Amino acid sequence: MKMKIGINGFGRIGRLVARVALMSDDIELVAVNDPFITTEYMTYMFKYDSVHGQWKKDELKVKDSKTLLFGDKPLTVFGVRNPEEDPWGEAGAEYVVESTGVFTDKDKAAAHLKGGAKKVVISAPSGNAPMFVVGVNEKEYKKDIDIVSNASCTTNCLAPLAKVLNDKFGIVEGLMTTVHSITATRKTVDGPSMKDWRGGRAASFNIIPSSTGAAKAVGKVLPALNGKLTGMAFRVPTVDVSVVDLTARLEKAATYDEIKAAIKHESETSLKGILGYTEDDVVSTDFVGDSRSSIFDAKAGIALNGNFVKVVSWYDNEWGYSNRVIDLIRHMASVA
């Protein structure tokens, strides 16, 4: 039986989660809510994507103001501002992906339950909802948990890598830098940004230092690393694909070749499909459309000595993350 999902917020992640869902045999997308766009514009935004290309799987057309057709399959569209008013139950949506970026608080996301949803997956970090990273701690999920966070794209990249390093060699402490592509909140030209002055500068013309909670969040999904990692970001003028640089001090001395071998082994076994491994001379665009959370770049890393190492891992911060949202729903359904 297919898992029926709804999506609240049809932005970058909402639209890509929809693509993943529509490409999955075990998932049925039944409803989308976005109060700011019409069904006609929703169709256009879904069909054409500057990064991931044109949608060609099914013909997409508007049936009426509240229904889209993917081939002959109807999709119900709402235009509701308040989550508690979304009629998810009527549409048959059991799992709701909260991808507006607004309702990341557990209590605010809980409003979807009032509309008939059974479970809510927040596609962003949350201050108080339990966070799960597929491949790292999803087995901690219990069926009585109704609201979860899929953490951030960067945490999804860093956590599997940190898990392997910590399991095999032990991490004493580490600093992470993510070189991160442009996202929707960035400015096209210099503009007001009172909370983050640098973040208000033109994204296409600058390398912008920024804060990120991604490294600290690893401590939430891997308690053994709580307090051992922190990090920052450089926002750069690329539209998709980002890269994590983790510099760590190890408890157990290891050569860089031993570290590579450990990561390669896990990428082929317990973390297959989540953690990748490459020895090719790759650059960022080589990972557009890569569904894995984290692809370790064996040639990019370096060790100073047996206990001090820098490891580098790529991620499609849009497509990889959207695939994990669906994977998390699959896992939740298997537990329920």
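Keep in mind that glycine also has a Cβ here, set from the backbone N, Cα and C atoms.
The NAD(+) binding site annotation in Swiss-Prot covers Arg12, Ile13, Asp34, Arg81, Asn317. For Asp34 (NAD(+) binding site), the same-chain residues 6+ apart in sequence whose C-beta sits under 8 angstroms from its C-beta are Asn8, Gly9, Phe10, Gly14, Met42, Val77, Phe78, Gly79.
Cys153 (D-glyceraldehyde 3-phosphate binding site) falls within a helical segment according to DSSP. When other Cβ atoms within 10 Å of the Cβ of Cys153 (D-glyceraldehyde 3-phosphate binding site) are tallied across all protein chains shown, the result is 29. Feature annotation from Swiss-Prot assigns D-glyceraldehyde 3-phosphate binding site to Ser152, Cys153, Thr154, Thr183, Thr212, Gly213, Arg235.
Among the features that Swiss-Prot reports, active site, nucleophile is placed at Cys153, with the record citing sequence analysis.
The site 'Activates thiol group during catalysis' annotation in Swiss-Prot covers His180. Around the Cβ of His180 (site 'Activates thiol group during catalysis'), the same chain contributes Thr154, Ser210, Thr212, Ala233, Phe234, Arg235, Val236, Ser242, Asn317, each under 8 angstroms and 6 or more positions distant in sequence. DSSP classifies His180 (site 'Activates thiol group during catalysis') as strand under the three-state reduction.
The binding-site residues under consideration are Thr154, Thr183, Thr212. Their Cβ neighbour counts within 10 Å are lowest for Thr183. According to DSSP, Thr212 (D-glyceraldehyde 3-phosphate binding site) sits in a coil region rather than a helix or strand. Around Ser152 (D-glyceraldehyde 3-phosphate binding site), a 10 Å sphere centred on its CB holds 21 further CB atoms from the protein chains shown.
Using the Cβ center of Ser152, Cys153, Thr154, Thr183, Thr212, Gly213, Arg235 for D-glyceraldehyde 3-phosphate, the list of other same-chain residues with Cβ within 8 Å runs, in sequence order, Thr155, Thr178, His180, Ala214, Ala233, Ser242, Asn317. Comparing Cβ neighbour counts within 10 Å across the binding-site residues Arg12, Arg81, Arg235, the minimum falls on Arg81.
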